[in-house]
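**Student:** Taken from TrEMBL, the feature active site covers Asp24. The active site, proton acceptor annotation in TrEMBL covers Asn72. Feature annotation from TrEMBL assigns Mg(2+) binding site to Asp24, Glu210. Feature annotation from TrEMBL assigns substrate binding site to 25-29, Arg37, His41, 69-71, Trp73, Arg75, Arg191, 197-199.
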Amino acid sequence: MTADSAAPSGPGPDGPRHVAIIMDGNGRWAKAKGLPRALGHREGVQALKRTIQAAPDFGIRCLTVFGFSTENWSRPAEEVSDLMGLVRTYVASDLARLEKAGVRLRILGRREGLPADIAAIIDKAEAQTAHNDKFMLQVAFNYGGRADLIDAARRHAERILAGETTEPLNEENFAAGLATAGSPPLDLIIRTSGEQRLSNFLLWEAAYAELVFQDILWPDYGPKALGEAVAAFAQRERRYGGREPAPARVSA
Ligand code: IPE
Ligand code: IPE
Ligand code: MG
């Protein structure tokens, strides 16, 4: 195994504050080694742990990772159940440590459709870390960008019907209904494994995020690869539709 474990080089002035990762390639990693896919997913959790630990060293304040999409239900039942099992073991083994490290954990995605015990684990993990503000970790699980857009629109309509607001829909009140409401503007989306698509991840938030695609398979990810993505980000000129290049990160 070539786990990426080199020491990070530290945050730059234009480092991304909010980074999202499409953690892809667990299956191919396992296949290349003649191992069952479940082991690829298990190593993927180790890569996630390494990446979370390294993120603050690059000045990242919020990390959003794609763990399970609304489309991933179409995988064989055995694989779906392996992925659910990993949530149980990850939260059981890491929640106390995350809480102590000042991490606020949020799960993005629909609770309906999840096994009842997973929904309960998620609720507990969120409640237990809600007071933390050093670092935000958002795990998209049973998440789909389109479903989230529909939910946000529905929330606004419900507020109007309930007489809670008379405000017409606008970008601000719409974004307040998204699963990511309250997290910093998204600066960078990373996708591993060489695929170059969003696969229904953070469709609204991606509007002006920089995209970095890396050929590494997710179970091999870690501080070195994250450092390379952050370095690529720092080279980008963000213009937001204007003519003048802005620094890579918006100072909000
Ligand atoms: C990413 O790895 C993890 C999830 C989608 C849950 P994959 O399982 O998609 O791995 P590949 O794309 O088949 O290699
Ligand atoms: C996206 O990866 C979902 C996660 C990483 C959880 P997929 O492997 O499901 O995406 P596609 O099917 O290749 O587009
Ligand atoms: Mg994949």
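We count from 1, first residue shown onward.
Quick reminder: no glycine exception, Cβ is built from N, Cα and C everywhere.
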**Student:** Can you check what DSSP calls Trp29 (substrate binding site), collapsed to helix, strand or coil?
**Tutor:** helix
**Student:** Just counting, how many other CB atoms are there within 10 A of the CB of Arg191 (substrate binding site)?
**Tutor:** 24
**Student:** List every residue in the same chain as Leu198 (substrate binding site), at least 6 positions away in sequence, whose Cβ is under 8 Å from its Cβ.
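**Tutor:** Residues satisfying the criterion: Ile22, Gly145, Ile189, Arg191, Ala206.
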**Student:** Please check each of the recorded positions Trp29, His41, Asn72, Leu198, Glu210 and report the ones with a CB atom less than 6 Å from an atom of ligand 3, ordered along the sequence.
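**Tutor:** None, by Cβ distance under 6 Å.
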**Student:** What Cα-Cα separation, expressed in whole Å, is found between Glu210 (Mg(2+) binding site) and Trp73 (substrate binding site)?
**Tutor:** 28
**Student:** To which of the binding-site residues Gly25, Gly27 does the lowest count of other Cβ atoms within 10 Å belong?
**Tutor:** Gly27
